[in-house]
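The following features are taken from Swiss-Prot:
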| type | residues | note |
| --- | --- | --- |
| BINDING | 13-37 | NADP(+) binding site |
| BINDING | SER146 | substrate binding site |
| ACT_SITE | TYR159 | active site, proton acceptor |
Amino acid sequence: MDKRWSLQGLTALVTGGASGIGHAIVEELAGFGAKIHVCDISKTLLNQSLSEWEKKGFQVSGSVCDASNRLERETLMQTVTTIFDGKLNILVNNVGTIRTKPTIEYEAEDFSFLISTNLESAYHLSQLSHPLLKASGNGIITFISSAAGIVSFDAASIYGLTKGALNQLARNLACEWAKDGIRANAVAPNFITTALAKPFLEDAGFNEILSSRTPLGRAGEPREVASLVAFLCLPAASYITGQTICVDGGLTVNGFSYQP
């Protein structure tokens with residue numbers, strides 16, 4: 001295989017990788033030959049996934065971690081440093097969650113929870129990963145953002161601002177860390193068929209609106225996000241950095257349409 005299209009011999013850390021988009025990303029990266037460490041807050045889901053990946057012959061290890069907790073993030077990176085001998089090629093900041101409320105109904109705890117989970121975790125893990133990414137000689141950071149960080153989603157103002165911040169962080173790190181051989185990009189999905197999105201997608205009215213606003217007429221699948229993440233990590237994508245790329249079925253480019 002052309003080395004441009006292989007991750008053989010490369011190492012990766014995927015946060016929140018035991019389910020949903022993260023799970024699909026692990027499978028995609030492992031399929032290209034990467035050796036991966038996964039962290040997840042759920043011990044049960046993590047163990048189930050690790051067993052599944054072992055049967056598939058993937059090189060995946062894992063540890064339980066609440067990525068919103070600073071001390072647990074530091075412990076995670078100590079583990080990754082040991083496992084990968086001080087070098088890391090790929091960091092996928094995938095952990096994220098949502099709470100939907102009108103803006104005037106959000107409370108301080110909601111703000112703190114969403115900021116620490118969606119934004120602070122990715123920022124701090126990027127800081128902690130920097131020496132490992134630099135040491136690898138070829139570092140790639142991918143932030144899992146959202147279309148909500150680009151266009152307005154009702155009742156999700158805090159979620160949207162955390163995702164918009166990730167898009168900007170990707171731009172900043174792409175410029176600041178390029179000299180260290182590190183690329184950074186953000187991937188911004190539409191609603192994807194995961195457990196997190198299930199309550200929304202099971203609502204017939206919501207689905208009708210989503211389909212009408214999305215040119216491709218449907219929610220996305222986790223593997224459709226994972227395929228882009230994997231591409232951005234490949235040597236073939238070596239000149240792509242600082243970008244926010246939407247995987248949204250056309251949602252963010254859909255304008256106004258009227259047909260009398």
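Backbone N, Cα and C atoms are what each Cβ position is placed from, and that goes for glycine too.
The two recorded residues HIS37 (NADP(+) binding site) and the residue listed as 'active site, proton acceptor' have their Cα atoms spaced 27 Å from each other. Every protein chain shown contributes to the tally, and the Cβ of SER146 (substrate binding site) ends up with 28 other Cβ atoms within 10 Å. Shown are the binding-site residues GLY17, GLY33; of these, the residue with the fewest other Cβ atoms within 10 Å is GLY33.
LEU29 (NADP(+) binding site) sits 20 Å from SER146 (substrate binding site), taking the Cα positions as reference. Here the Cα atom of GLY17 (NADP(+) binding site) is found 17 Å from that of the residue listed as 'substrate binding site'. Note: the CA-CA distance between SER146 (substrate binding site) and GLY33 (NADP(+) binding site) rounds to 27 Å.
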